[in-house]
């Protein structure tokens, strides 16, 4: 038998896994973010309200995240490679099925249920596998993979608008179905990696496979509650940033430009945030609080922007606000997944990733329809963005209960925390540490 490595290789084939996760992220969240540009066409074709058509994207997002623990459990049992490959096929079939829709219910089933289920099988296993390949540069690798969201949005937003203008929404969905089939070869690149901390016995019950026992840990429960609240507002710009730009007086390509600017800021910030987190200058929970709060303020700024005036106008204030939102949201994203090994240990990171996606789905299911409802009542998305920013700021406040999220002023001994593979934020047994000067030596003060 091949001996298990002592820890993640922190490179090597891990960079290929990072490239595969980059493509998976782009063909899931990047596509979902751009799909909002098709909602006005769907509303006009089926003669339904913005609230009704918003459920198309909301259901896809909610199913993708709510069923993510299932993808994690299946990959724990059979490995990430076959699970992600099957998910790519399901996603493609869902988009092709939706292209022949005769009603919104047809779209709910195709895009919401079938494509959403496929996306649920690809994201959590791919990102969990990536986390297992890295230690010292883990958050940077996760940030690199998550830039696929922004890069895909940058390309897909104008491309989707062109497809809508040229082939209509049916032709656009058919072509997107062909593109998302590339998730299958991405899954083939996820080579399994056995580590010394892995359990020798697979989970015996479905509940154990889902990892629900992680909620017994106080830090993970705090993190879960904060993440669920943030999900209530985080995904609203994914669905309604383009329609909001249209309501502000910008044309179709102007709205696509707004989405693209947010995507550029999002992608660039993920790399910078990942690099900053890996330096160890600031604890990850503290960065999570800071960038979560900035994301809430970015959504607030988007909601407060005045109308552009004319369709020929560039809408500079909205472009600036969208860029600020993209920078803050991009900085937050890699930290959510980068902090998980410290909370649950490397052995539970795949299950924890799926649970986090499920928790965010609670907000993802509520946020876009609530935003569409407020738009129908008020006539614009301004109130929607204000309400959703309050969800994000509330979740960031709850993150303050995480270990090391706030600075403390108390005497401390030299650090005796386990390495990240075992969970550096988990409770550590109390031990007596003697310094070089003996028992009477003074201890450092952390503030």
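Glycine too: its Cβ is placed from the backbone N, Cα and C atoms.
Computed from a predicted structure; not experimentally measured.
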(message) Looking at 51-72, 381-402, which stretch does TrEMBL describe as transmembrane segment?
(response) 381-402
(request) Could you tell me which of the ranges 219-239, 408-428 is annotated in TrEMBL as transmembrane segment? (result) 219-239
(message) Tell me if the transmembrane segment (314-333) touches the transmembrane segment (139-160). I count contact as 3 or more CB pairs below 8 A, with pairs 6 or more residues apart.
(response) yes
(request) Using a Cβ cut-off of under 8 Å, list the residues of the same chain at least 6 residues beyond the transmembrane segment (12-32) that approach it. (result) 57, 60-61, 64, 84, 91, 119, 122-123, 126-127, 129-130, 133-134, 141, 144-153, 156, 176, 179-180, 182-183, 186-187, 189-191, 238-239, 263
(message) Three or more CB pairs closer than 8 Å, sequence separation of 6 or more: does that hold for the transmembrane segment (251-272) against the transmembrane segment (83-101)?
(response) no
(message) Please determine whether the transmembrane segment (340-361) and the transmembrane segment (172-190) are in contact (criterion: at least three Cβ-Cβ distances under 8 Å, sequence separation 6 or more).
(response) no
(request) With pairs restricted to those 6 or more apart in sequence, evaluate whether the transmembrane segment (219-239) and the transmembrane segment (284-308) have 3+ C-beta pairs under 8 Å. (result) yes
